[in-house]
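Undergrad: One structure follows; several queries about it will come next.
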Amino acid sequence: MSPTKEQIDQFLAKQRKLPKHIAIIMDGNGRWAQQKGLPRERGHEAGAETLDKIVTISAKLGLEYLTLYAFSTENWGRPQTEVDALMHLLVETIKCQLPNMMSNNIRLLAIGDIDRLPKESKESLLAAIEETSHNNGLNLTLALSYSSRWEITKAVKEIVKEVRKGNISEEMITEEMISNHLCTTNTPDPDLLIRTGGEQRISNYLLWQVAYAELYFTPTYWPDFDEQALMLAIDDYSNRERRYGLTGEQITTGIH
Ligand code: IPE
Ligand code: IPE
Ligand code: MG
C-alpha cells in the first residue's frame, strides 16, 4: 500500500542519510510471470505497474535522481515477440505516466542508443522528454537500448576524435572528461544501486558510474517490489558507512 504523507515524513526523519541518486536494475518480470503460469509479457505489464509506484514514491520522498534499467543492448537478442511487446509497452507506459510525471514535477530523460528504438517508441519517448523538460523535481532517467560498454566505447571514440582534431591533448584527458562524455553527464553518480530478481550481477549497467555506489540485491521479483521495499533499501543504505578508500576513523572525524 502506498504510504501516507505522515508515514513518509516519519520515515525521512529517521534516516541518517538519504541517497541523492538511486539506480535500479528492474529484473525478474519473466520469472514472476512463469511462476504464475503466465506468458513473460504479462510479467512486463505487471513490471510497468511497479515502475509507476516506484516513480511516484521516489518523487514523494524527494529523491533527486532515479535511473531505471528498462532495456539493455543485450535484450535486443530476445525473441522478437518479447522485444515487440516491450517496445509497445514502452509507448503505453509513457502515455499513462505523462499526467503523473506532470503532476509530480518529474523530468523524464533517457540514456542509451535511442535511435535503435522503433519509430513509434522513439517518438513518444522524445515527446514526453520534451513535455517534461521544464519540470524540476525528480529526474527520471530510463536506460533504453543501453549498455555501459556501448556508452564507454562511444565516449572513447569521441575523445579520440577531439585529440585527432587537435582540440585537446592526451594529457588533458581526465576522469572528469571521460564522465562528461558518458550519457549521464550532469548527473551525479548513483549512491545506491538496487537489483531485484535475485541475481547478484551488474549486467552492463552504469559500470563507470557505480564505482562507489552501495549495492543492494533483493530476491523479490520486480513486479512484487513496492514502496515499502524501496524504503527498506533506503533504510539499509542509510546505515552504511561509505569510506571511499579512507579509514572509518577518517570518515567519522572528517579529518583527511
Ligand atoms: C527484466 O525482467 C525486464 C527486462 C530485462 C526487459 P526479465 O525479463 O529479465 O525477467 P527474468 O529475469 O527473465 O525473470
Ligand atoms: C538486466 O536484466 C537488464 C534490465 C533489467 C533491463 P537481464 O535480465 O537482461 O540481465 P541478465 O541477462 O540476467 O544478466
Ligand atoms: Mg532478467
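Each residue, glycine too, has its Cβ placed from N, Cα and C.
Because TrEMBL annotations are produced automatically, they should be read as predictions rather than curated entries.
So TrEMBL lists these for the protein:
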ACT_SITE  Asp27  active site
ACT_SITE  Asn75  active site, proton acceptor
BINDING   Asp27, Glu214  Mg(2+) binding site
BINDING   28-32, Arg40, His44, 72-74, Trp76, Arg78, Arg195, 201-203  substrate binding site
Undergrad: Running a distance check here. Ligand 2 versus the recorded positions Asp27, Gly28, Thr73, Trp76, Arg195, Ile202: which have CB less than 6 Å from one of its atoms?
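TA: Only Asp27 meet the Cβ criterion.
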Undergrad: May I ask which residues of the same chain, at least 6 positions away in sequence, place their Cβ under 8 angstroms from the Cβ of Gly28 (substrate binding site)?
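TA: Correct list: Gly43, Thr196, Gly197, Gly198, Thr220, Tyr221, Trp222, Pro223.
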Undergrad: Quick one: of Asp27, Glu214, which of the recorded positions has the smallest count of other CB atoms within 10 A?
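TA: Comparing Cβ neighbour counts within 10 Å for the recorded positions Asp27, Glu214 gives Glu214.
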Undergrad: Restricting to the chain of Trp76 (substrate binding site) and a gap of 6 or more, list residues whose Cβ falls under 8 Å of its Cβ, or answer none.
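TA: Long-range Cβ contacts: Val83, Arg116, Ser145.
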Undergrad: When the Cβ positions of the recorded positions Gly28, Asn75, Trp76, Ile202, Glu214 are compared with the atoms of ligand 1, which fall under 6 Å?
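TA: Going through Gly28, Asn75, Trp76, Ile202, Glu214 in sequence order, those close to ligand 1 turn out to be Gly28, Asn75.
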Undergrad: Among the recorded positions Asp27, His44, Trp76, Ile202, which have a Cβ atom lying under 6 Å from any atom of ligand 3?
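TA: By the Cβ criterion, which requires under 6 Å to ligand 3, the hits are Asp27.
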Undergrad: Are there any residues at least 6 positions away along the chain from Ile202 (substrate binding site) with a Cβ closer than 8 Å to its Cβ? List them or say none.
TA: Ile25, Leu193, Arg195, Val210
Undergrad: Just give me the nearest neighbour of Glu214 (Mg(2+) binding site) among the recorded positions Asp27, Trp32, His44, Asn75, Cα to Cα.
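TA: Checking each of Asp27, Trp32, His44, Asn75 against Glu214 (Mg(2+) binding site), the shortest Cα distance is to Asp27.
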